[in-house]
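First up is the structure itself, then whatever we jot down about it.
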Amino acid sequence: MRSLLCAPLLLLLLSAGESAVITGACDKDLQCGEGMCCAVSLWIRSIRICTPLGSSGEDCHPLSHKVPFDGQRKHHTCPCLPNLVCGQTSPGKHKCLPEFKNVF
């Protein structure tokens, strides 16, 4: 009899558990807004989320495809904003930097 009284309480506790809702989940760049790409999540590698394009001084990956990219990205960073390039700052380290054009 006591177990019958505990069953509804147990169900109430189970249904009140915490859960996560992932916003901005995507598969391809075209599902994200302007100035964003669909990059691999830092926390859950099997999920891609809409991520802002790299700003000046932010980390980048030199092999990131331009936006929009029709396939699935393999990195957690987006390419740099259009007026920036992904330049090497030290061995194995790249950052979004201003694009210097040759004036000659």
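A Cβ is built for glycine as well, from the same backbone N, Cα and C atoms used for every other residue.
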Based on the record in Swiss-Prot, give the one of Cys78, Cys96 in a disulfide bond with Cys80.
Cys96
Going by Swiss-Prot, which one of Cys6, Cys26, Cys32, Cys86 is joined to Cys60 by a disulfide bond?
Cys86
Quick test of reading the record: Swiss-Prot lists a disulfide for Cys26. Which of Cys6, Cys38 is on the other end?
Cys38
Top Cα neighbour of Cys26 (disulfide bond) in the set of disulfide-bonded residues Cys50, Cys80, Cys86:
Cys50
Lowest local Cβ density (other Cβ within 10 Å) among disulfide-bonded residues: Cys60, Cys78, Cys86, Cys96:
Cys86
Cys96 (disulfide bond) - helix vs strand vs coil (DSSP):
strand
Based on Cα coordinates, which of the following disulfide-bonded residues are within 10 Å of Cys96 (disulfide bond): Cys37, Cys38, Cys86?
Cys86
Enumerate same-chain residues with a sequence separation of six or more from Cys32 (disulfide bond) and a Cβ-Cβ distance below 8 A; give 'none' if the list is empty.
Gly24, Cys26, Cys38, Cys50, Thr51
